[in-house]
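Listed in Swiss-Prot for this protein:
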BINDING   ASP57, ASP237, ASP289  Mn(2+) 2 binding site
BINDING   ASP57, GLY58  Mn(2+) 1 binding site
DOMAIN    23-298  domain 'PPM-type phosphatase'
Amino acid sequence: MGPYLSQPKKDKTTTTGQGKSVIFAASEMQGWRNTMEDAHIHKPDVIQDVSIFGVFDGHGGREVAQFVEKHFIDELLKNKNFKEQKFEEALKETFLKMDELLVTPEGQKELNQYKATDTDESYAGCTANVALIYKNTLYVANAGDSRTVLCRNNANYDMSVDHKPDNPEEKSRIERAGGFVSDGRVNGNLNLSRALGDLEYKRDSKLRVNEQLIIAIPDVKKVELGPQDKFLLLGCDGVFETLNHMDLLKQVNSTLGQAQVTEELLRKAAEDLLDQLLAPDTSQGTGCDNMTTILVYLKK
């Protein structure tokens, strides 16, 4: 059996909500893939003045993405730096905390409960792209190739950069760790250089967590938000395969129009976007992945 279904699963699971400063719609669709391995989080006003959104694109199984979806916010809220409003450090530490939890006996037991197969060991991992809004400041932490794009002055302001093995800095680390990059893949296998999980790439006891073949340490980008900023678009890589960032934002803006933005209007914008991105068939390979997007409208 190949990676694709004979017909795509077009039904969507969409959640909407709002807080003091944001309205959001999060929508996911399995599409042509045999299984759904995306996960996501959305929590406006998780505490006063803080909202959190994130997408996690699983690979090698769904279990790590589901584990992170369940635990990320709880661990972030427990973090000492988070409580002190040191959000950049808190995000970095929470990414690493996910890996720490995964290797515990309790973590392994939970992974086995999520797994779709009966194999003894999980070789799964996931990307992580998390946006934290504190008052008028946006932080985006990224490990992997999911993305956040800010619609600023009706143009794209990119909040993350993909971590790919061919990137010179990433490739250098991989080679120092004793690995190699072939066809854009770590040791010929994984086409990401940073991810949560993927524990078999992180087992060299002589290396620190930031020196392994694959690392969970995110880049964090910070920007001050203003009246020129309209919404965030978070997505797993399946959302970004067929349209460039500017065209994605145009598609969303065409749905929003000049109307007052509501949860239902954002729901329509998110679901219409996934429908447009879904390929009519699998011959080209693009538009065939699981798709998850979160639209976060910034109230004025």
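Note that the numbers count up from 1, one per residue, in the order the chain is shown.
Glycine is no exception: its Cβ is also placed from the backbone N, Cα and C atoms.
Structure coloured by features recorded in Swiss-Prot.
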{"residue": "ASP57", "record": "Mn(2+) 2 binding site", "Cβ within 10 Å": "28"}
{"residue": "GLY58", "record": "Mn(2+) 1 binding site", "Cβ within 10 Å": "28"}
{"residue": "ASP237", "record": "Mn(2+) 2 binding site", "Cβ within 10 Å": "22"}
{"residue": "ASP289", "record": "Mn(2+) 2 binding site", "Cβ within 10 Å": "26"}
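Cα-Cα distance from ASP289 (Mn(2+) 2 binding site) to GLY58 (Mn(2+) 1 binding site): 11 Å (rounded to the nearest whole number). In this structure the C-alpha atoms belonging to ASP237 (Mn(2+) 2 binding site) and GLY58 (Mn(2+) 1 binding site) are separated by 11 Å. Listed in chain order, the extra residues whose Cβ falls within 8 Å of the Cβ center of the Mn(2+) 2 site residues ASP57, ASP237, ASP289 are ASP38, THR127, ASP145, SER146, CYS236, GLY238, VAL239, GLU241, ASN290, MET291. Under the DSSP three-state reduction, ASP237 (Mn(2+) 2 binding site) is assigned to helix.
Across the domain 'PPM-type phosphatase' (23-298), mean pLDDT in this model comes to 94. DSSP assigns ASP289 (Mn(2+) 2 binding site) to coil, not to a helix or a strand.
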